[in-house]
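What follows is a single structure, and I will ask about it in a moment.
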C-alpha cells in the first residue's frame, strides 16, 4: 500500500504544523511515512505545501501524482489540480476565484495554467480547475472552513481571529477520516503539539465538528507491529547526531536551510559532558553562538576546536563561500572542525529555499592551495544522524576539516526511522592523538609516520598557530626543505585516511550485483532509487557514494567493470559525480539523469527517466517535475 497526500496553502498559515500533526498521527497508527515541505523564500503569503507518502512498509520518496489534496486557498487548487488522481478537498469560498486574481502566483506558471485550461475548454477559475479534475474521476469535497471556524469560536467564546488556524485541523481531520484510522491517534498528535489548554480544546472541537463530513474511503487498519520509531527531519537528525557525538560548541550565521539545526541544538543545550582526558562526566551546556557573519562563525568554531572541545558550524552555499578563507586556515593548522553544508540552489542567492546537488565538486576542492579535507554525503535521515557523529570522529582522528553534505531535500524532509537503524550501540567517540600536556620540547606539528601529530589543547602546552607556512613548533618558515616536508605531512593524512577507512564504509550497494546496469548516485536520490528497486521491475545495481574525499576509487572502479550502462542520477547540470568518477577511476559514465529545477527527484518521473535510459538508450535525460 502506498498513498500520496499533499496539504497546501499560504505560507505562514500553519501548513507545516498541520502536516506534522497528520504525519505524527499516521505514524502512531503504525505506518511508515516520508514527507517533504516546499516553500518560497518569503516569510508569509506565497504558496507552501507539504507532501506525505504513507505506506505499510519503509518509504523514502514522494510522487508527482497525488491521491489526496487538502487545499485552503485558490492557489493550491491551481498549482496541484492537474496532479490529483483521487480526492481534492477545497475551500468552498474560493470556487469563483479567477487565476488572474491570485497575485502571489508566479506569472509564468499562471500563464501555463490559463493556457492549459483554455485549451481543455474550461474557464480559468477555481471552478474550471475543479471541473477538469472531476471529469478525470477526481472526487471533490467542498468544505466551508469559515463556518466551522466560526462555530468553534462561538463554542469557545473567543474572537474568530483566534480560531483561524483550526481550518488546518479541519483539513487533516477529513483526511484522517478518509484513511479510516482511529481518531484518537489524531487527538494525541494535536495534544502533543499544542501545550495550552485553549488551543487543545479548540482543535479538539474542530476535529469533532469536521469528522463526519466524509466517510472512510481507504479503510486502513492500525499496524500490529510494535516497533520503536523516530519521526524527524534532516536538520533535527544532524542536530541530535552532533549532540550525541559530543559537540560542545556550535557557531552559525542564519541561512536557509541550515539555521534550524543550530536552533534545535540551542534549545537542547543541557547535556552530560565527558572530559576528553579523564573521561569524567558532569552536567554542562553546549555553547551556541549566532555570529555576525559566516567567516566569524567558522573562525569561532576553529578557536573552540583549538581549546579541545568538539566544535562545528552549519551553513549553506553562500555562507560556505565566505567560510573558505577560514577553511584554509584550519587546513594549514590541522584543526579538527566540522562544517555541515546544507546544499541549496545557486549560484549567488539562487533558490534559497529549494534543493540542489550542484555543490559537490566545490567543497571537495574549496580553498586556495592544497590541503586535506574529508567530505561526507548523507543519503537519508538515519545516515544524517550517524554521519554527524562520524564527521566529528574523523575530524579529530585525522586533525583536519570535515565537510558534511546535506541537501535541502534531506534537511527539510521527514521520515519514520526504525530505532535499530540508528545503531546507537555502535556509536562512540574517537578523539585521536590527544596529549594531556606538553613540556618545552612539545611540537604541535611534529613530523610523524602517518602525518598526524600529538595534539595538545590551548593552555596545556606552548604552541604557535599562523596562516603562514610553519615548522614543527608552528613558527613561520619559508625554508624549501621544511615547505616540502610540511606540505607532504598535511597531504599524507588524506592518504592515511584512504587506507584506514574501509572503502565498503564509504559506499552502500543495493540490488543485484550482477546486473548489466549500474546506477551511481548520492544524497537524497538514493531513497527514490531504493524505492524503485524494491517495488518495480527495473534491473540495476545501485551504488550510493557516501564519502567523496577520500574517494573510494578502487571499489567504484571494480563495480563499473562489465556493465552495459553506467548511469549517474544527481541534481546538477554538469553530472558532477561522473566527472569525479572519471577523475578518480579513469572510467567513463555512459548515461546521466539530471535535475536542477530546485525540486527533489520524484519517484514517478524517475521511473519514466529510467525507461528512457535503460530501455531506449538515451544518453542524457533532464527532469523538471515538482511545483
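Heads up, the Cβ atoms here are built off N, Cα and C, so glycines get one too.
According to Swiss-Prot, the protein carries these features:
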- 253-257: motif 'YPITP motif' (MOTIF)
- 256, 344: substrate binding site (BINDING)
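How about a rundown of where these features are and what they're close to?
Distant neighbours of the motif 'YPITP motif' (253-257): 41, 235, 290-294, 296-297, 315-316, 318-319, 342, 344, 352-353, 408, 411-412; these residues of the same chain sit at least 6 beyond its ends, with a Cβ under 8 Å from one of its Cβ atoms.
Secondary structure from DSSP puts residue 344 (substrate binding site) in a beta strand.
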By DSSP, what is the split of the motif 'YPITP motif' (253-257) into helix, strand and coil residues?
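DSSP composition of the motif 'YPITP motif' (253-257): 0 helix, 0 strand, 5 coil.
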By a simple count of other Cβ atoms within 10 Å, which of 256, 344, the binding-site residues in the record, is least packed?
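Counting other Cβ atoms within 10 Å of each of the binding-site residues 256, 344 gives the minimum at 256.
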